[in-house]
Amino acid sequence: MDHLLLLLLWSSGTQAEENHMSTEPDELRLVGGDSRCAGILELKHEDWRPVAGRDWTLRDAAVVCKELDCGSVVSIRHKEESLARLQWWIRKDCVRSGSALRECVVSSYTDFTLNLTCSDSVRLLDGTSLCSGRLEVRSNQSNQGWSSVCEADFDQQDAEVVCRELGCGAPSALQGALYGEVEAPVGSKEFQCGGHESALLDCRSSDSARTTCSPGKAVGLTCSEPDELRLVGGDSRCAGILELKHEGDWRPVTGYVWTLKEAAVFCRELDCGSAVSISWREESSDTPMWQLIPECVQSGTVLGECVSVFTYSSSSQGFTCTNSVRLLDGTSLCSGRLEVRSNQSNQGWSSVCEADFDQQDAEVVCRELGCGAPSALQGALYGEVEAPVWSKEFQCGGHESALLDCRSSDSATTTCSPGKAVGLTCSESDEIRLVEGGSRCAGRLEMKLGDWRPVSGTDWNMPDAAVVCRELDCGSAVSVELRQESSDRPVWRISSDCLQSESVLKACLTPSTSTFIQNLICSDLLLQPIISVSSMNGVSQVHQQGSQVFRGFSFTITCSIQPQYPGGSFHLTFTSSSSNAEHNYTQPPFNHSAHFLFPVAQPAHQGNYTCVYQVYVFSHNFSSESHRLSVSVSDPPEFPVKVVFLPLTLLLLSATLYFYCKATRGQTSSRQEDTELVNYPLDVGAAEGEGDVQGVHSTPSRI
């Protein structure tokens, strides 16, 4: 079982530790094939059972072949049985967590079994992929060990046969000591293949005159990778549905948790610049496909070694890559050294000199890559020039959708001075929002990557919600809930692991369909209330230090808020500047506002006023505080009275009193019908006999 532990830990990028290894006498075997090195994989763990697992790849199978002393892996398939039966299922996430492997093997009913084929007579060791390494051979007619092969006994036609036998492409390098010195005895045969044979031991051979290989003369072989990629059905060769040619068969590719990071690998593999977007196409029924394991793709492993045994799906993966611009060697998808290529020819990539590129050009490139505005434009920021220099000077207006849509003229520059190749950093702000929650900080989570979609993620918790609330500048997370809708719809899926590890959320988006949608509530749910002061009989004045009302006249503090949720209450807090005493008053809102009336302004009313709006929604209490309003109380201004103006003054005063009394009678009648005024005994400066505070349209209570 120790070796199987190594297999699984190797796949997850960790190392085996002695205290994690099982001491149980578990064994592996292949049964039902043409030899002991081919057939259905079985594991003895209490009893012999087939091993189940749809995410196994050639990399995983290679370790099994090595454990069984069966040479290199040739193929891995899943075999569908007529009936489900008990099998051993190995939980790789359990192994990654550090648990002992015996705790990670679980019994499972499934109708899929793993079918492996290993080469029984040839293997490549210490290579950079399954198709490269130092060649060793073993006769399948005996139990002899593995032997190295000397260069003099091996030629290009022999190499073609070995590469074919291992399921690889044509040989691309045949060189001694390319993958280390001889560690095994030297074979006693000189091979004489015609190049058409299916296995090395099918070739004619003769006895070799050599018993040892000179240093550096053991055969090191590199076969080309047999797999090919392409994008089909798009506007260009750099957009469309991804297809992979694996084992000679072109199929669409599926991958359930793919993000822009995986897309960037494929765009680079296709020589298509930077990844811009990902898509998902639903098929009418399950279709034969190649499934690639995302973690394997990200690790830089040869893509063919990341193909899993699961081969049927109803959805395929698509990408859009830029065909004419890319950023290299950056710290993210939106930073790096700029390279450009004409989309009218098959020319290679070219660097751009600083003198031929300005801020408006940078804005266009960032937009073309699906990134935010440029935040840094500096030569040598991401390494020196490695490509030829672009021959044009760009003259963008800043509004274009692609760099090659801009006007340009011939450049006088043929080379970039050291440190003068354009290095560009675009901002990476996510397009994210919460909708249908009455606030920008509550509701259904949606993100935009090409188009707006709801976000799904079954493994989210409060720390994950906190990341989103922080991104929205909405305070802390209050709740996160997965709500089920009536039918499937296109969504963006985000895993919890990616959410916690990535600084840019869009790098975590995976296209999918689901009925389960994330709904979040953040703490900064409410808008900020507005506080203001007005005087009914005297004129309030606004100064740099605050507002001023006149002594002896009434004034009103108004608290209001933009409509969001019904109900709630307003709390007015007043702190006297003379005594530092704090007083609180409460009113329910009327038309989303409350008016606190002070009938007679006195010096004790001078101080700081603050409105707090509180409401109970989404099963939680929320509050929001206004800015502080400073109010000063001063004596009204004195007006000079001259004898010459006395008659006119008396006349004006009489007219004013007449109209005031008439208006007061009308208001009193109206208020008796529509309004109940309640006086607050104001404690502030009670010894001095200050006035009361009154609330309009409410029955307030002291808090």
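First residue shown is number 1, and so on along the chain.
Including glycine, each Cβ sits where the backbone N, Cα and C put it.
Because TrEMBL annotations are produced automatically, they should be read as predictions rather than curated entries.
According to DSSP, Cys104 (disulfide bond) is assigned to coil rather than to any helix or strand. Residues or ranges marked as disulfide bond by TrEMBL: Cys94-Cys104 (among others).
Residues annotated as disulfide bond in TrEMBL: Cys193-Cys203 (among others). For Cys193 (disulfide bond), the Cβ neighbour count at a 10 Å cut-off comes to 21, with all displayed protein chains included.
Other Cβ atoms within 10 Å of the Cβ of Cys306 (disulfide bond) number 25 in total over all chains. Sequence annotations record features per position, and here TrEMBL assigns disulfide bond to Cys296-Cys306 (among others).
Residues or ranges marked as disulfide bond in TrEMBL: Cys396-Cys406 (among others). Secondary structure at Cys406 (disulfide bond), taken from DSSP and collapsed to helix, strand or coil, is coil. Residue density at Cys406 (disulfide bond): 19 other Cβ atoms are found within 10 A of its Cβ, drawing on all protein chains shown.
Residues annotated as disulfide bond in TrEMBL: Cys498-Cys508 (among others). In this view, Cys508 (disulfide bond) is surrounded by 25 other Cβ atoms within 10 Å of its Cβ, with every protein chain counted.
According to TrEMBL, the feature domain 'SRCR' maps to 28-119 (among others).
The domain 'SRCR' annotation in TrEMBL covers 122-224 (among others). The DSSP breakdown of the domain 'SRCR' (122-224) into helical (H, G, I), extended (E, B) and coil residues amounts to 16 helix, 35 strand, 52 coil.
Annotated domain 'SRCR' per TrEMBL: 229-324 (among others), in sequence order.
According to TrEMBL, the domain 'SRCR' annotation covers 325-427 (among others).
According to TrEMBL, the feature domain 'SRCR' maps to 432-536 (among others). The helix, strand and coil residue counts that DSSP assigns across the domain 'SRCR' (432-536) are 20 helix, 58 strand, 27 coil.
Per-residue pLDDT, averaged across the domain 'Ig-like' (529-630), gives 89. Here TrEMBL flags 529-630 as domain 'Ig-like'.
Residues or ranges marked as signal peptide in TrEMBL: 1-16.
The feature transmembrane segment is assigned by TrEMBL to 639-661.
Cα separation, Cys203 (disulfide bond) to Cys406 (disulfide bond), rounded: 61 Å. Nearest in space to Cys396 (disulfide bond), taking C-alpha to C-alpha distance over the disulfide-bonded residues Cys193, Cys306, Cys498, is Cys498. Here the domain 'SRCR' (229-324) is broken down by DSSP into helix, strand and coil counts: 19 helix, 48 strand, 29 coil. The DSSP breakdown of the domain 'SRCR' (28-119), given as helix, strand and coil counts, is 18 helix, 52 strand, 22 coil. For Cys203 (disulfide bond), the count of additional Cβ atoms within 10 Å of its Cβ stands at 19 [all protein chains shown]. If you compare Cα positions, Cys406 (disulfide bond) sits closest to Cys508 out of the disulfide-bonded residues Cys193, Cys306, Cys508. Residue pair Cys508 (disulfide bond) / Cys193 (disulfide bond) shows a Cα separation of 51 Å. For Cys498 (disulfide bond), applying a Cβ distance below 8 Å and a minimum sequence separation of six or more within one chain yields Thr259, Ala507, Cys508. Comparing the Cα of Cys193 (disulfide bond) with the Cα of every entry in Cys104, Cys296, Cys306, these being the disulfide-bonded residues, the smallest distance points to Cys306.
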